[in-house]
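Engineer: Please read through the structure below; I'll follow up with questions.
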Amino acid sequence: MTRTILTLEQMREAEQAAECSLGELMERAGEALAEAVALGSAPRAVLVLAGPGNNGGDGYVAARHLRDRGFDVRIAALADPKSDLAVDARTAWDGEVERLGDDTKPAPILIDCLFGTGLSRPLDDALAATLMRLAERAEFTIACDLPSGIETDSGALLSDVPEYDLTLALGALKPAHRLSPAMRHCGQVAVADIGIDAASDWFEIAEPVLPPARPEGHKYDRGLVQLLAGEMPGAIALAAKAAARSGAGYVRLFTSQPIEGLPDAIVQTDQGSVQDERIGCLLVGPGMGDIPVLITLALTAPKPIVFDADAIRHVGDPERLVGHDVILTPHEGELKALFGDIEGSKADRALVAAQRCQNVVVYKGADTLVAAPDGRLGFAPPAPSALATAGTGDVLSGIIATLRARGMDAFEAACAGVWIHGRAAERAGDPLIADDLIAALPDLT
Ligand SMILES: NC(=O)C1=CN([C@@H]2O[C@H](COP(=O)(O)OP(=O)(O)OC[C@H]3O[C@@H](n4cnc5c(N)ncnc54)[C@H](O)[C@@H]3O)[C@@H](O)[C@H]2O)[C@@H](O)CC1
Ligand SMILES: [K+]
């Protein structure tokens with residue numbers, strides 16, 4: 001299921017637009033937190049850390065529900081509650097409240113309700129150290145809405161942040177749940193439905209639905225991927241094999257030097273034209289090297305194109321792509337080479353890049369994003385860090401070119417390719433080499 005991602009501002013608007021009172025939202029949030037803990041553990045000792053805002057308020061509510069469920073609950077508060085809602089939640093808790101400090105004793109279950117979306121500055125050093133110590137000593141750690149110390153819209157760590165087992169996002173995911181470096185600190189991320197219903201163009205990329213192959217269809221229905229090869233046979237071979245193995249009906253390689261060891265089914269030729277009507281998608285960049293004329297050639301074709309790797313560096317001016325049907329797949333360095341320095345969070349940068357070239361941009365990294373010029377932004381679910389090896393990008397561009405050749409819309413094809421690539425990495429194990437990904441592509445028929 002696709003999970004919506006809301007920024008701080010959107011979250012505040014959604015909270016105001018909710019049909020129930022803010023107090024009711026907090027009650028549901030605290031109850032969901034208690035439920036998440038009870039799902040993961042039999043009743044035992046729990047320490048709730050409560051901050052001064054509404055994240056702390058959620059903690060007092062959760063404490064009450066956990067005690068009702070038979071848990072032995074202690075609360076350690078950083079300060080007295082400041083917001084009206086948190087004061088009410090504190091009042092409804094008739095147990096003791098400790099003062100959080102160096103001498104706070106750990107418990108096997110730690111619930112972090114210090115700060116959520118309202119964090120505005122780093123935690124004090126002493127507080128961050130206490131949080132780290134208590135998390136280290138706990139067996140199960142859960143963060144309410146966000147791990148404390150994380151900036152919600154950028155995913156930046158403002159101070160030391162533990163790595164939690166579970167983060168319960170309230171109402172919707174926030175950008176930080178799916179942006180580096182924050183995402184690695186969240187652990188598993190579940191979303192609690194507390195009755196907030198907000199639409200957004202930002203979402204977590206989910207398992208794609210691929211266009212079904214017509215039983216009576218021919219190879220061109222399944223898509224002809226046309227690669228324009230360059231100087232480095234290894235990268236070209238990876239992209240071509242990935243395209244073929246992800247279901248292209250036909251993969252053809254324009255090359256002046258045949259590449260050895262490729263399956264016979266991948267046609268290699270030094271003849272042919274990019275004007276061929278039957279081409280579903282052109283792929284240029286993997287192994288391209290220093291042959292920028294290939295970009296010029298590809299842009300003469302009235303067909304979808306995927307530009308990867310060296311092709312991105314050689315485009316020159318992003319505006320050159322306006323009016324063409326292109327998917328760009330840059331990593332950090334390639335994005336900078338083409339678009340220069342862009343201000344803002346990774347999400348902002350992805351959208352600005354897509355706007356400037358008026359095409360879909362797959363901004364790769366540990367937190368891959370897929371941006372469309374109309375403002376849609378897909379955030380990849382976490383993928384194994386083993387993907388950070390040579391050639392995995394060539395495989396990704398091969399997969400995306402096939403999906404585009406099969407007739408998927410550019411944004412959908414890019415999102416689907418990113419999802420498939422991540423799942424292939426999970427199946428391939430760690431360590432992996434790019435070739436393993438091709439063998440581990442999931443069956444999506
Ligand atoms: N948005 C929603 O729909 C809902 C939000 N709820 C909770 O409300 C949270 C947001 O509440 P708030 O806006 O009150 O924000 P927080 O509870 O995250 O924190 C705000 C408070 O912390 C102080 N503060 C910020 N940074 C600090 C720092 N580094 N050191 C010390 N104090 C600091 C602020 O001055 C303010 O008093 C969410 O994360 C969620 O847990 C839930 O109660 C229910 C529904
Ligand atoms: K928190």
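For all residues, glycine too, the Cβ spot is worked out from N, Cα and C.
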Engineer: Hey, TrEMBL has AMP bound by Lys364, Gly365, Ala366, Asp367, Thr368. Any idea which of Gly333, Gly393, Gly398 it lists too?
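Structural biologist: Checking Gly333, Gly393, Gly398 against TrEMBL: the AMP site match is Gly393.
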Engineer: Which of these, Asp88, Asp94, Asp103, Asp112, does TrEMBL list as part of the K(+) site with Asn55, Ser148?
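Structural biologist: The one candidate that TrEMBL places in that K(+) site: Asp112.
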Engineer: Which whole number of Å gives the largest C-alpha distance between any two of Lys364, Gly365, Ala366, Asp367, Thr368, Gly393, the residues noted as binding AMP?
Structural biologist: 14
Engineer: Restricting to the binding-site residues Asn54, Thr117, His331, which ones have a CA within 10 Å of the CA of Lys364 (AMP binding site)?
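Structural biologist: Close binding-site residues: His331.
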Engineer: Checking the binding-site residues Thr117, Ser120, Ser148, Lys364, Ala366: which ones have Cβ within under 6 Å of ligand 2?
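Structural biologist: Listed by sequence, the hits are Ser148.
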Engineer: Report the member of Asp145, Asp367 (the binding-site residues) whose C-beta atom has the most other C-beta atoms within 10 angstroms.
Structural biologist: Asp145
Engineer: Tell me which of the binding-site residues Gly365, Gly393 sits in the most Cβ-dense spot, judged by other Cβ atoms within 10 Å.
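Structural biologist: Ranked by Cβ atoms within 10 Å, first place goes to Gly393.
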Engineer: From the binding-site residues listed here (Ser120, His331, Lys364), select those whose CB sits under 6 A from an atom of ligand 1.
Structural biologist: Ser120
